[in-house]
Structures are given as structure tokens and as C-alpha cells.
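Undergrad: Quick one: this structure, given as C-alpha cells, is what I'll be asking you about.
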Amino acid sequence: MTSQESIGIKFLFGGLSCMGAAVVSNPVDVLKTRFQIHGEGIDSKSLGLVNGTIKIIKNEGISAMYKGLTPSLLREATYSTLRMGGYDVIKNYFIDSNGKTNLLSKVTSGALSGALGACITSPTDLIKVRMQASSKGVKYDSISSAFKEIIAKEGIKGLWKGVGPTTQRAALLTASQIPSYDHIKHMILDHGIIQVDGLQVHIVSSIFAGLIASITTSPVDLVKTRIMNQPFDSNGVGLIYKSSYDCFKKTFQSEGISGLYKGFLPNWFRIGPHTIVTFILYEYLRKVSGIKPI
């Protein structure tokens, strides 16, 4: 396999791994989205993980837990293909004479690949969020109708509403998730805590990576969700928030610091399993294809 083929395969495997993880984590992603928009501008009690799930299933049916799955898969096929594959490509530029890459270089590689992927594919995330946020039926009949309706009502630029916080979140997520997995895994192996680069070390490393990513991204993820889901006037201007900073400030003022972490548990419960499944699949696909592990 040539180096060019190897790079292409890494991009492909990155997207496929994240698509598999999206199927597993979509129900929690729906719950997380509902948590984040719950109580905007009003005083409200927390839905609660169990109560929230029961309420959604009771009112909308169990299929509601898979709202937004199609755009989610499309997003993973585009965004995650770019961020997962791009991480290795960018990281290679930072390899030292000993064949090693330091943590800062890994974080930089993650931030750049995540930001690039999110900026290009932001429309798919916008559609996913709006579908998952709707409790009165899906806002759009299909992905194609969603694209057409958004363009008709909000213009082409409407597809990139929330691109700022989306890109910020993606940069933070990829900068914390992939590098932490990469670094923790090699620390465990180098110190002999686990001696074989196999399933056990992949699970342990991805659990820590998922927790770190959840803590890092929860506030900006909430801001992204609220901006994307808010109503807009005829000129495409948000009726609740003017910018990411405005959303951050209003949320903090009305709901406190805990408001910025609204939906943290479902976010963690989503990112955790998503991260575990992603890296198990990604490492397995690389192994059977003869590509060096992360």
C-alpha cells in the first residue's frame, strides 16, 4: 500500500468508525439536545435523564430517539472523515527525529483538523440539531427538503448559521478527544500498565478521552445548539441571540454556570460510548488493513 493510499484509507476508516458510533449514541444525542434547549429564558426544573427519556418516548414514540440520525450519519461521513483522517496527516508534520510527537503538537493537529472539518460540513450539523430539537414532528421531511427550505427561507448563508460555535466546538472536541486518546494510550503502553496494544488499552484510553472531551466541549456545545435552534426574523437575524458571546452571556446571567453545563450528563453519556466505539472500530480497521495503530 502506497503512502497516498494509506492516507486515503485513514480518512475512509475515520468516517466509517464515527458513523458506527453515531448509530449507537443517537438516542443520547437527542436527549442532550433537548436538555440544552430546555429552559431557554425561563426558569425550569431539570428534565432528568430517566424522566427525559420516558417523556420523549411517551409523547413521541421510541422512534423519536433516532430523530436526526440520517443527517447525523451524513455529518459523520463528511465532518468526521475530515477530522479523523486529517489528524494523522497534520500530526505527521510535527514528528521529531525520534519519531515522536509531543502533546502540544497533537492538540494543535486535533484543533486544526476539527475546525476544518466542521467549517466545511456545518450545514449537516444544523439540520441534525433542528430535527432532534423538534418535539412536534420533524421540521423537515428529508435532508434534501431541509436544504431546500433553509435556502429558500434563510438563503445560502442560512446553512452556515451557528458555524462559529460549531467550529469552536469541533476544534475543542478534536483537540481534546483524539490527542488525549493518543497520548493516554501510549503512556499506558510505555509504562507497562497494559503491555499489549489491543482492545483493553483501547477501551481504557477512550473512556478517559470521552470524559476529557465532554468537560471541554459542553459549554460551547450548548451555545451551538441554542444558536442553531433559535427562531430567526425575515432577514435571518436571530431573535434571541446575536452571537456566540451573547448566547454565552445570557445563559450565564439567567441560568448560572450550571446552565452552561446543562445537558452535560447526556453529553458525556453520548461522547463516552461514541468515543469508545469510534476508536475500537478505527483501531480494528487499521489493524486488519495493515496500517500502523494510532
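Cβ atoms here come from the backbone N, Cα and C positions, even for glycine.
What Swiss-Prot records for this protein is below:
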- 9-93: repeat 'Solcar 1' (REPEAT)
- 101-187: repeat 'Solcar 2' (REPEAT)
- 197-288: repeat 'Solcar 3' (REPEAT)
- 1-10: topological domain 'Mitochondrial intermembrane' (TOPO_DOM)
- 32-67: topological domain 'Mitochondrial matrix' (TOPO_DOM)
- 89-106: topological domain 'Mitochondrial intermembrane' (TOPO_DOM)
- 128-161: topological domain 'Mitochondrial matrix' (TOPO_DOM)
- 183-192: topological domain 'Mitochondrial intermembrane' (TOPO_DOM)
- 214-267: topological domain 'Mitochondrial matrix' (TOPO_DOM)
- 286-294: topological domain 'Mitochondrial intermembrane' (TOPO_DOM)
- 11-31: transmembrane segment (TRANSMEM)
- 68-88: transmembrane segment (TRANSMEM)
- 107-127: transmembrane segment (TRANSMEM)
- 162-182: transmembrane segment (TRANSMEM)
- 193-213: transmembrane segment (TRANSMEM)
- 268-285: transmembrane segment (TRANSMEM)
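What's the neighbourhood like for each of these?
TA: Confidence across the topological domain 'Mitochondrial matrix' (32-67), taken as the mean pLDDT and rounded to a whole number, stands at 75.
Shown for the topological domain 'Mitochondrial intermembrane' (89-106): DSSP residue counts in helix, strand and coil, namely 10 helix, 0 strand, 8 coil.
Counting residue by residue with DSSP, the topological domain 'Mitochondrial matrix' (128-161) contains 23 helix, 0 strand, 11 coil.
Here the topological domain 'Mitochondrial intermembrane' (183-192) is broken down by DSSP into helix, strand and coil counts: 8 helix, 0 strand, 2 coil.
Tertiary neighbourhood of the topological domain 'Mitochondrial intermembrane' (286-294): same-chain residues 1, 6, 9-10, 13, 88, 178, 181-182, 185, 197, 279, selected by CB-CB distance under 8 Å and a gap of 6+ residues from either end.
Sequence-distant contacts of the transmembrane segment (68-88) (same chain, at least 6 residues past either end, Cβ-Cβ under 8 Å): 7, 10-15, 17-19, 21-23, 26, 29-30, 33, 109-110, 112-114, 116-118, 120-121, 124-125, 127-129, 131-132, 142-143, 146, 170, 174, 178, 278, 282, 294.
Sequence-distant contacts of the transmembrane segment (107-127) (same chain, at least 6 residues past either end, Cβ-Cβ under 8 Å): 68, 71, 74-75, 78-87, 89-91, 94, 101, 140, 143, 146-147, 150, 159-163, 166-167, 169-179, 224, 228.
Residues 13-14, 16-18, 20-22, 24-25, 28-29, 32, 49, 84, 177, 181, 199, 202-203, 205-207, 209-211, 213-214, 217, 293-294 of the same chain lie 6+ residues outside the transmembrane segment (268-285) yet bring a C-beta within less than 8 angstroms of a C-beta in it.
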Undergrad: Cβ under 8 Å to the transmembrane segment (11-31), counting only same-chain residues 6 or more beyond its ends: which ones?
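TA: For the transmembrane segment (11-31), the far contacts come to 49, 52-53, 56, 64-69, 72-73, 75-78, 80-87, 132, 263, 266, 269-271, 273-279, 281-282, 285-286, 289, 291.
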Undergrad: Determine which residues of the chain contact the transmembrane segment (193-213) at the Cβ level, with the cut-off under 8 Å and only residues 6 or more beyond its ends counted.
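TA: Cβ under 8 Å, 6 or more out: 172-173, 176-178, 180-181, 184-185, 268, 271-276, 278-280, 283, 293.
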Undergrad: Sequence-remote contacts (6 or more beyond its ends) of the topological domain 'Mitochondrial matrix' (128-161), Cβ cut-off under 8 Å?
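TA: For the topological domain 'Mitochondrial matrix' (128-161), the list is 29-30, 33-34, 37, 56, 59-60, 64, 67-68, 70-72, 74-75, 122, 224-225, 227-229, 232, 236.
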Undergrad: Residues of the same chain, at least six outside the topological domain 'Mitochondrial intermembrane' (183-192), with any C-beta under 8 angstroms of its C-beta?
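TA: For the topological domain 'Mitochondrial intermembrane' (183-192), the sequence-distant neighbours (Cβ-Cβ under 8 Å, at least 6 residues beyond its ends) are 103, 106, 201-202, 204-205, 208-209, 294.
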Undergrad: Treating G and I as helix alongside H, and B as strand alongside E, what does DSSP give for the topological domain 'Mitochondrial matrix' (214-267) in helix, strand and coil?
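TA: Secondary-structure breakdown of the topological domain 'Mitochondrial matrix' (214-267): 37 helix, 2 strand, 15 coil.
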